[in-house]
Amino acid sequence: MVLCFPLLLLLLVLWGPVCLLHAWPKHLTRAHWFEIQHIQPSPLQCNRAMSGINNYTQHCKHQNTFLHDSFQNVAAVCDLLSIICKNRQHNCHQSSKPVNMTDCRLTSGKYPQCRYSAAAQYKFFIVACDPPQKGDPPYKLVPVHLDSIL
């Protein structure tokens, strides 16, 4: 039993950062958190845009992509044919046309002084969609995760 404790402690230490990466503020629905993280109809400078996300999580997010489109248009992608997500779930959907987007990558700093570089892109995207939660827009499915950029 003595040997199990250090191993358990190591697993907890390693699992902690993984949990932070996938957590969202519990007072928000997954769709609202998706909107905060990924929907930006008018491009903003990455340092400014990312501070809004980082203030929720209290750490510098390493990378984030902003889709320059409306939530309504991105939610409409959820009505397209389902495809397999990276996590092997079957609730992903690919956009039918490319959209403008900005990829923000952490270059330096520690929270709250996070600094980012920006790369403008025009690409297709894949989102995971789920039924709406209470408080979400009344769509059949809503985007909850940006699965990939193509």
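Here the Cβ of each residue, glycine as well, is placed from N, Cα and C on the backbone.
Copied over from Swiss-Prot:
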SIGNAL    1-23  signal peptide
ACT_SITE  His38  active site, proton acceptor
DISULFID  Cys46-Cys104  disulfide bond
CARBOHYD  Asn55  N-linked glycosylation site
DISULFID  Cys60-Cys114  disulfide bond
BINDING   Lys61, His62, Gln63, Asn64, Thr65, Lys86, Arg105  substrate binding site
SITE      Lys61  site 'Critical for catalytic activity'
DISULFID  Cys78-Cys129  disulfide bond
DISULFID  Cys85-Cys92  disulfide bond
CARBOHYD  Asn100  N-linked glycosylation site
ACT_SITE  His145  active site, proton donor
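Annotated features taken from Swiss-Prot, shown on the structure.
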residue: Cys46; record: disulfide bond; contacts (Cβ under 8 Å, 6+ apart): Thr102, Cys104, Tyr116, Ser117, Ala118
residue: Gln63; record: substrate binding site; contacts (Cβ under 8 Å, 6+ apart): Asp103, Cys104, Arg105, Leu106
residue: Asn64; record: substrate binding site; contacts (Cβ under 8 Å, 6+ apart): Gln37, His38, Met50, Ile53, Asp103, Cys104
residue: Cys78; record: disulfide bond; contacts (Cβ under 8 Å, 6+ apart): His93, Val127, Cys129, Tyr139, Lys140, Leu141, Val142, Pro143
residue: Lys86; record: substrate binding site; contacts (Cβ under 8 Å, 6+ apart): Asp147, Ser148
residue: Cys92; record: disulfide bond; contacts (Cβ under 8 Å, 6+ apart): Ser82, Ile83, Ile84, Cys85, Ile126, Val127, Ala128, Cys129, Asp147
residue: Asn100; record: N-linked glycosylation site; contacts (Cβ under 8 Å, 6+ apart): Pro43, His68, Asp69, Ala120, Gln121, Tyr122
residue: Cys114; record: disulfide bond; contacts (Cβ under 8 Å, 6+ apart): Asn47, Met50, Ser51, Asn54, Cys60, Lys61, Leu106
### Message
Within 10 Å of its Cβ, which one of these disulfide-bonded residues (Cys60, Cys85, Cys104, Cys129) has the largest number of other Cβ atoms?
### Response
Cys129
### Summary
Minimal Cβ count within 10 Å, across the recorded positions His38, Lys61, His62, Arg105, points to His62
### Message
Given a separation of at least six residues and a C-beta threshold under 8 Å, show me what packs close to His145 (active site, proton donor) in the same chain.
### Response
Arg30, Phe34, Cys85, Val127, Ala128
### Query
Max Cα-Cα distance in Å among Lys61, His62, Gln63, Asn64, Thr65, Lys86, Arg105, the residues listed as binding substrate?
21
### Most crowded position, judged by CB atoms within 10 A, among Asn55, Thr65 as recorded positions
Thr65
### Query
About how far apart, in whole Å, are the alpha carbons (Cα) of Asn55 (N-linked glycosylation site) and His62 (substrate binding site)?
14
